[in-house]
Amino acid sequence: MGGGDISHMSPEVKWIFEMAWYGETVRYDGLICEEHPPKLSSDGIWEKLIIKSAGLYFWQYRLPKLEIVILLVFFLWQGFNILFKKLGLSIPKLSSMMLAGLLLNVLVTLSGENSIIADILVTKNRIDVAGCLGSFGFLIFWFLKGVRMDVKRIFKAEAKARVTGVAAVTFPIVVGFLLFNLKSAKNRPLTFQEYDVMLLMESITSFSGIARLLRDLGMNHSSIGRVALSSALVSDIVGLLLLIANVSRSSATLADGLAILTEITLFLVIAFAVVRPIMFKIIKRKGEGRPIEDKYIHGVLVLVCLSCMYWEDLSQFPPLGAFFLGLAIPNGPPIGSALVERLESFNFGIILPLFLTAVMLRTDTTAWKGALTFFSGDDKKFAVASLVLLIFLLKLSVSVIVPYLYKMPLRDSIILALIMSHKGIIELSFYLFSLSLKLVTKDTFSILVLSIVLNSLLIPMAIGFLYDPSKQFICYQKRNLASMKNMGELKTLVCIHRPDHISSMINLLEASYQSEDSPLTCYVLHLVELRGQDVPTLISHKVQKLGVGAGNKYSENVILSFEHFHRSVCSSISIDTFTCIANANHMQDDICWLALDKAVTLIILPFHRTWSLDRTSIVSDVEAIRFLNVNVLKQAPCSVGILIERHLVNKKQEPHESLKVCVIFVGGKDDREALAFAKRMARQENVTLTVLRLLASGKSKDATGWDQMLDTVELRELIKSNNAGMVKEETSTIYLEQEILDGADTSMLLRSMAFDYDLFVVGRTCGENHEATKGIENWCEFEELGVIGDFLASPDFPSKTSVLVVQQQRTVANNN
């Protein structure tokens, strides 16, 4: 064949040669033929060297092309995402993906049809592999949307959320149809089908889109976020019902419409009456806590594909099949969470951006010029842009008015309305489906895409401008131990992550309880990571009997343990148990909200490290718990304590032993808070308190500043007793002073007394900028414990004594 020269070949031979070489070609009669299975990869540089002009470049083969598109899209959308973060803009990830696809569209337009970039991105007369993969990713996105959605929350939603959700959908639709009917048929630039599609899609609020927006903005655990999620859930369900109802109305005949509705009903019956019970049987057979096998995951994915095929045969929106199947899958562990964990990260980061790129590449950007200058443009573009703007304003208005009538602050009502007016990938996909059915024209589709891109960029920026997360937990009162009356009620919030935290928290509560004259109220919060769901949940077990409700299956051990403690140990302590099912990165919001709502004085958190039973080795080190503790310290509306539990005597179980407590006091508000807590413990019969004050060697003890004066006031009683040579038997309190040269002296002193106590209580900032920590502050591993607290909790400390690190309430807002 002359070294690859095929110019002399007849069309028939040339076609056979090309087909044999790279698997697809245009046949001599003009038909496009492919060899199955097709040749996916290039043979490299040899292809061009052997057959020269007949050979393909490596990017023209399907697998290399797919790899190039995936990498190109991934780096572009990640680049936009990083850029927005650097600029401090609150732009969701889906918006970055849209911009990546839009940029590629512009590059293809500018480079021309024959450029390399167009050859890679634009598929002519061949299967669009990247687009097909993106479409599959979009089906998975819809399926996971259904899995994450908890429809039962509609019945638990506040009236404010329910009314807002319904009004946000129905009001724009009603007004839109009234305006459409007021115009004569001759003066309507849009067809009824176009108007119908736009009116419905612009009025609906997508739950998954709002959940993703709030997650990206870090608002899904805020009070506004919770109302928005409930409202969006109601709105989404109402919108889906309207879509299904629209099927019969848009059918050619009433019989056709009823037939389609019957087939949809059959699908729903199979999903909820057959598939869902099977899933529950699988869960029951596998047992709680055991992982789901891969074969079940694969089986569910097959059902997703079959569901979409069924809905496509009905000429309906195929992803709805995946969505309703997802609703039938039990959310949360083990199946729902396993599906989300296995599929979501890869699908959202890699595959779904391909779908958005494919949508953007189908957009005609030249149509935007007429839309942006629609006052002087044609009537149709003016009508499309006007309708989008009108529905947006109607939706925004009603979403502000309804919550405001329910006594929500105006600023919060505006933020909620902006959230409810957000548009994204769901609306984009419906418009693409409408374009494929020729319900809308290419120009109309392009203008609608532009409106969604602008909406997805501007709405989050407006929300970020109005929403100030630092004001979420503003407290207008002092909520700390130092400002409490001696016999005042102590309200604590105890946080539990795992069963091994229960006993240590109970022992500490028992030690800090004085008497019925000085009441103790304890709120117990069991923290459970949100898996396989979108909506965080806070369950109060005071209003929910054991065995009823989803929260009890997670918290049964916690509830029973504290009920036993309440009945058999301290019946006069008031205990209220909660379960918080939330995203690990935002649990601090739920802790602080509960502390603020219940007027808590002290939050007690477990340390992120857990020791073995003999207290000699570390068995777990969970960074997520440490991250949570650090964030609670930053934004708590009250004082916070971190308990490093290694050995804490239970006085009821060991009545012959006393609990020996030592406070390391250097000075400052955190040390005063630690002393106030320890003084409360010292009023117990079996508690012995030692207060060790560390003084800088050679410096005067006289108060020279406000902090020092406050320290002196707190220690006055103890100093007086010590100077008189007394130890008060009724309080069993000892006061000691020790002069320290530097951190080495402090280290030696603490090591010498390591085995004398059961519990050390220190302030978080104990010894900060003081001679007591000079030389050892650089060795601090955990900043949340402070220098002294970190030293006492370190594995190098000789004894395995428990440590409580206390931070006083940081800020109290001015009433003005």
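Each residue, glycine too, has its Cβ placed from N, Cα and C.
Copied over from Swiss-Prot:
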- 64-84: transmembrane segment (TRANSMEM)
- 97-117: transmembrane segment (TRANSMEM)
- 127-147: transmembrane segment (TRANSMEM)
- 163-183: transmembrane segment (TRANSMEM)
- 197-214: transmembrane segment (TRANSMEM)
- 227-247: transmembrane segment (TRANSMEM)
- 255-275: transmembrane segment (TRANSMEM)
- 297-317: transmembrane segment (TRANSMEM)
- 343-363: transmembrane segment (TRANSMEM)
- 382-402: transmembrane segment (TRANSMEM)
- 413-433: transmembrane segment (TRANSMEM)
- 447-467: transmembrane segment (TRANSMEM)
**Q.** Region pair the transmembrane segment (127-147) / the transmembrane segment (447-467), three or more CB pairs under 8 Å
**A.** no
**Q.** Considering the transmembrane segment (447-467), which listed stretch of 163-183, 255-275, 382-402, 413-433 counts the most C-beta pairs under 8 Å
**A.** 413-433
(Q) Within the same chain, where does the transmembrane segment (343-363) have neighbours whose Cβ lies under 8 angstroms from its own Cβ atoms, ignoring anything closer than 6 residues to its ends? I mean 6 or more beyond. (A) 69-70, 73-74, 77, 93-94, 97-98, 100-102, 104-105, 108, 121-122, 128, 130-131, 133-138, 140-141, 144, 425, 428-429, 432, 435, 445-446, 449-450
(Q) Would you say the transmembrane segment (163-183) and the transmembrane segment (382-402) are touching, if the rule is that at least three C-beta pairs must lie under 8 angstroms and be 6 or more residues apart? (A) yes
Q: Count the CB pairs under 8 A between the transmembrane segment (227-247) and each of 163-183, 197-214, 255-275, 413-433, then give me the winner.
A: 197-214
Q. Which bits of the chain, at least 6 residues beyond where the transmembrane segment (197-214) starts or stops, bring a Cβ under 8 A of a Cβ in it?
A. 92-94, 141, 145, 148-149, 165, 168-170, 172-173, 176-177, 180, 190, 220, 225, 228-229, 231-233, 235-236, 239, 242-243, 246, 384, 387-388, 391-392, 395, 419-427, 430-431, 434, 439-440, 444, 448, 460, 534-535
Q: With a Cβ cut-off under 8 Å, give me the same-chain residues at least six positions beyond the ends of the transmembrane segment (163-183) that come close to it.
A: 157, 192, 195, 199-200, 202-205, 227, 230-235, 238-239, 242, 387, 390-391, 394-395, 398-399, 402-403, 406, 416, 420
